[in-house]
């Protein structure tokens, strides 16, 4: 049975209140506007992740234009991809204060600005700032809300919804590669980046589609959850949540007092405004500004309080040991997926297979099968008799096995089979938001998933240079795959060990109590 977040959940004691007030389920959950959210997230993945997958076209133009080393020029693309993910925890703060819609719209403007300013680059270092940082931060401000909103709007079919939305990465890789190649050929790389910046403004439209759920919808969402299984994995992970609840539950009394104080300030401002209608327009204008500033201050303080408590408060996300193991896994996992894309062309040359690879590139096999993998794994995970956690682990084991065996394959057919398995098993990326939500709950999904993609960003940023460094020492690509595969296996072992520890601790505690 599917292990929902009530099984392996990470909660803060809010469900008891919600349980006393059953509300009619909102029609937009698992249907209605929810599919517009999937469409919005799908387009975001095309415009952001698809564009980043196609940066190899621009990288060749930059090498020819600026005559810099390949290593220095490659940092432009690495910065953009890495920062998109690394800024996740800070984007969680924006979401807590402004919501997903405003955050995504601002990010769309910032991303487009980064592309447009990069068209006027005079050197590679200029691109570090405009494209690597500016466009990267803008991408992160759109990407995280796109994932979080799908998790908020879906309960019964979350895995399928996330799978459909994230297939935009594969489609985008094909579309954006062809588009950028055509634009660079017809108009030059500078005009191509300018046009791509204009296209990126569509991210603002995607953000506008991210209509927030009402408070009633959030409460009713809990009643639309699937029935929970009692398998050993779910029980083991549930102890993580119980430990959190017993150790650190956010006290609500200080928040209530703070909200009451803020409301008193706003009421006093409103009272002054009403009593001062006879005053001059200048004073009224000043009072309105004061009221707006007070409301903004209240919003910022509440958002920061939620963000701070998630990371450093008594009920911090880091007190969930399974979630911490998930972070460690994320630090090693993403580079194992990125490294084959970078080194496969060189391996093909080494084995004298360029003619066959030119007909159907191995990287294209990974990208195509990756699309189907996301959808199929999402459908399987949504089956009532299947645990998402088990599907996630099986896909990880398959991927790490393929990474370790890929250097042993020396024919095009064998490499194609392994690459197809890599593409299919890496479809577990669509399950990452689902597993994260199961661990921490919908309320803390933005902050928690921000941490996970930050770990992925560090992996994406450091993994490929590390693999290149290994090649410079050994003059073989084999060791790059072996070392990344072994590190990946360490991360998977952490995922397996922590639930066993959580399961063992309550037994030891009960034994001690019996002795007393």
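Counting begins at 1 with the first residue displayed.
For all residues, glycine too, the Cβ spot is worked out from N, Cα and C.
Residues or ranges marked as transmembrane segment in TrEMBL: 33-55 (among others). Through the fold, the transmembrane segment (33-55) approaches residues 76-77, 80-81, 84, 104, 111, 139, 142-143, 146-147, 149-150, 153-154, 161, 164-177, 179-180, 196, 199-200, 202-203, 206-207, 209-211, 367 of its own chain, all at least 6 residues removed from its boundaries and within a Cβ separation under 8 Å.
The domain 'Major facilitator superfamily (MFS) profile' feature in TrEMBL is assigned to 37-503.
As annotated by TrEMBL, transmembrane segment applies to 75-96 (among others). For the transmembrane segment (75-96), the list of distant contacts is 48, 52, 55-56, 58-59, 62, 103, 106-107, 124, 127-128, 131-133, 135-137, 139-141, 143-145, 148, 302-304, 306-307, 310-311, 446-447, 449-454, 456-458, 460-461, 464-465: same-chain residues at least six beyond its ends, Cβ to Cβ under 8 Å.
Outside the transmembrane segment (103-121), and at least 6 residues removed from its termini, the chain residues within Cβ reach (under 8 Å) are 44, 48, 91, 94-95, 127, 130-131, 133-146, 190-191, 193-194, 196-198, 200-208, 210. Feature annotation from TrEMBL assigns transmembrane segment to 103-121 (among others).
Feature annotation from TrEMBL assigns transmembrane segment to 127-148 (among others). If you look at the transmembrane segment (127-148), the same-chain residues 6 or more away from its ends with a CB under 8 A from one of its CBs are 40-41, 44-45, 48-49, 52, 62, 75-76, 78-88, 91-92, 94-95, 100-101, 103-104, 106-115, 117-118, 121, 162, 165, 203, 206-207, 210, 433, 445-446, 449-450, 453.
For 160-180 (among others), the entry in TrEMBL reads transmembrane segment.
Cβ atoms under 8 Å from those of the transmembrane segment (192-210) belong to residues 36-37, 39-41, 43-44, 47-48, 51, 58, 100-105, 107-109, 111-116, 118-119, 138, 142, 145-146, 149, 179-180, 183-184 of the same chain, restricted to positions at least 6 beyond its ends. Annotation comment: TrEMBL describes 192-210 (among others) as transmembrane segment.
Only residues 6 or more beyond the boundaries of the transmembrane segment (322-344), in the same chain, are considered here, and those with a CB under 8 A from a CB of the stretch are 8, 10, 237, 240, 362-363, 366, 396, 399-400, 403, 406, 415, 419, 422, 426, 435-436, 439-440, 448, 451-453, 455-460, 462-464, 466-467, 471, 477, 480-481, 484-485, 487-488, 490-492, 494-495, 497-499, 502. If you look up TrEMBL, you'll see 322-344 (among others) marked as transmembrane segment.
Sequence annotations record features per position, and here TrEMBL assigns transmembrane segment to 359-377 (among others).
The transmembrane segment annotation in TrEMBL covers 389-409 (among others).
According to TrEMBL, the feature transmembrane segment maps to 415-436 (among others).
Long-range neighbours of the transmembrane segment (448-467) within the same chain, counting only residues 6 or more positions beyond its ends whose Cβ lies under 8 Å from a Cβ of the stretch, are 71, 78-79, 81-92, 143-144, 147-148, 151, 310, 317, 323, 326-328, 330-336, 338-339, 342-343, 432-433, 436-437, 439-440, 477, 480, 483-484. Here TrEMBL flags 448-467 (among others) as transmembrane segment.
Residues annotated as transmembrane segment in TrEMBL: 479-497 (among others).
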Cβ-based contact of the transmembrane segment (359-377) with the transmembrane segment (415-436), 3 or more pairs under 8 Å: yes
Contact ranking winner - 389-409, 415-436, 479-497 against the transmembrane segment (160-180), Cβ under 8 Å: 415-436
